[in-house]
């Protein structure tokens, strides 16, 4: 039997006047590294918020690690990194992580490990408010590496990072997936798709594809993820107009 | 709720404050300077003896209201609150963490202000001076609770600061400092009866006037207001948001 870390059925999310997701289904296999791709405004962040359980939903079910999303039991098993770094600018990198580690009940030795994993060792005692934007978002990412999360939900974790660091982080994500952690990573940069085992393409709240990259390329005849995405958008628009 | 997370939160808030020495200096020194100014205006004497204790009640209330409302507004807007609530943090951990941290600061502030007022400015009180400090700390907690609650109704720091003239100044005008409460017009007297600062100032006046002051009734009212405001504040902390 295949194990799913996330099972979504008929999810409907309405934000203000906009129905962001409607009758949305998705399964994410345990221990997989799934890329969530789509233009900005396509509903990626909303979907992630629903999985973490911080989004008010209008209907449907979201099951995470065998429980309802947002369940008390999931609070130290699911780690979530928002697009805007949610860390304290008036604390140092280490003070931020020590605080979150204590909240999670994670050993304080995790703090140095997480700082090394995001390559901020030389900045550990600097105030977060004095760091660059990319460094600040890495502090936020490091928070998600504390403890032993089973599901990592990362909203655009590599935005604003230099290419070397991006490669390093994707290597880290792969190592985590190999160790059994499930990762859902969003991006609007299509070339990052090539680093994921599985791709979920979103457009205007609809699932355009949920496939591996080779299958996606074979199906669309495109040369890369971006081409495949454009192909699928075109197909969807043709179907909508016919 | 967990003592571990509550204490971690209190320690974190104090660490943040430690990185901001100017705010600490202003919080601790300004009340004493204002007391000195008041002493100078009235040339010491009986009016100073009457008004001084009331101001000892008002300073911590006002100062803690301001710092707490802005600090929690920041937590709401920066995403750190959402992150904490998606972790094992209980709403009470968050609220009591703040109350504990700013309560500690208020204790130090009250100790300094009372020492300056009684020791240097010769503020005369019939009751024991430790009671003045105890009442001041309870007022500070009231300010923390009101600040936590009010921050839910503001989306910017501009708005939060405007709550001060809206919510604090009327209490200041009606607390009995300008006109004794029993000499206010009936309607205003009735309004003054349901405002928490009135009881705080009554408690201070009691300590000032009586050698064996009975203040636990008034302190009880101030504490009850704080508990109700904290409960209302907890209701405004939502794990799921639209």
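Just so it is clear, glycine is given a Cβ too, placed from its N, Cα and C backbone atoms.
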**Which range of B:192-214, B:215-237 is transmembrane segment, per TrEMBL** = B:215-237
**Asked** What else in the chain is close to the transmembrane segment (B:94-118), if you only count residues 6 or more beyond its ends and a Cβ gap under 8 Å?
**Response** 1, 5-14, 17, 24, 27-29, 31-32, 35-36, 39, 52, 56, 59-60, 63-64, 67-68, 71-72, 81, 84-85, 125, 129, 132-133, 136-137, 139-141, 143-145, 148, 230, 233-234, 237
**Asked** List, by number or range, the same-chain residues at least 6 past the transmembrane segment (B:160-179) whose CB is under 8 A from its CB atoms?
**Response** 51, 54-55, 58, 61-62, 65-66, 69-70, 73, 146, 150-151, 153-154, 188, 191-192, 195-198, 200-202, 205
